[in-house]
Amino acid sequence: MEKHKLKHGNLVVVGSTNIDMVISASRFPLPGETIIGHDFMSNFGGKGANQAVAAARLGAKTIFIGKVGDDDFGNSTLSHLKEEGIDTSFIYRSTKASSGVALITTVVGGENTIIVNPGANFELSPTEIELSHKAFEAAAIVLMQLETPIDTILTASKIAKEYGCYVILNPAPAPTKPLPTELLENVDMLIPNKTEASTISGVDITDDVTTRQAIDKIKELGIKDVVITIGSHGVLSLIDGELTNIPAYKVKAVDTTAAGDTFCGALCAALLSGSKMPQALRFANQASAVTVTRRGAQVSMPHLEDIKLDISAK
């Protein structure tokens, strides 16, 4: 990252918004089985919106590019993001599809399963990205995920590079087929979790050795910087050729739903504040640790006062 000096600017997040319907249970049901759950919640979610909120709460000036339905969920999503201080000028409306919805089940220990109906998220088009040039012009970092169409993500990466932005891709959910070479050539940093890293690299990650092998395979795809999040085992990164292993904070996890999204948003916020990469990674790691001690997605995300590390430390 030190070789890729950030220009002065904002964070642009290109991604999804969802309404998360969350229910807790003692265990996951078996196929065909009905079990009794508890503690139902309806929250704002979507990987893109989650990451935007995480960054904004931690001080990043954030612009969101996405698409919602012309419905009550879309209205409430726009109002919510505005309340979080996020620029919603580049959120488009679909007249055909509903806003995105995610059905989430969490169990004891914090593990979860998620089923997503993308709705309008899958209608975010390359044309709408082209209409959002002013957002990219104002950006220093562009952060993307894989909950919008791949052609749309590719277009965003091209425009981001035209404006000299540092491009970060969180390849979630794990891709079902190889990512386009042209996209990977535009990505400066890839932030997968263990499952996503295994899918992309073809390496079965079981320990530190295989994690490093996965990083090397990902680097061969043309990615400059790689950060793999490994849950309770922390983070392993290769930045400018320097390998760093950051242990996880020891906390009692109750819901891991937004851990990865918090990490991505917090890392961007720290980098935009001027932090160098090692400090930014530690800051993001702690923000993620705070998140997993709370239930929900965006509602669980910390503010600056919740983080002990100084975001401005260099």
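Every residue, even glycine, has its Cβ placed from backbone N, Cα and C.
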Site-mate of ASN18, ILE19, ASP20, GLY46, LYS47, GLY48, ALA49, ASN50, GLU147 for substrate in TrEMBL, selected among ASP255, ASP261: ASP261
Which of ASN121, ASN285 belongs with ASN193, THR229, ILE230, GLY231, SER232, HIS233, GLY234, GLY260, ASP261 in the ATP site listed by TrEMBL: ASN285
Proximal but sequence-remote residues of the same chain as THR257 (K(+) binding site) (Cβ under 8 Å, at least 6 apart): ASP20, VAL22, GLY45, ILE104, THR106, ASN112, ILE114, GLY296, ALA297, SER300
ALA49, ILE230 as binding-site residues, winner by CB count within 10 A: ALA49
Chain-mates of ASN18, ILE19, ASP20, GLY46, LYS47, GLY48, ALA49, ASN50, GLU147, ASP261 with C-beta within 8 Å of site centroid, substrate: GLY15, SER16, THR17, PHE44, GLY45, GLY100, ALA102, ALA297
Cβ within 8 Å of the mean position of the Cβ atoms of ASP255, THR257, THR291, ARG294, GLY296, SER300: remaining residues of the chain near K(+): VAL254, THR256, ALA258, ALA259, VAL292, THR293, ARG295, ALA297, VAL299, MET301
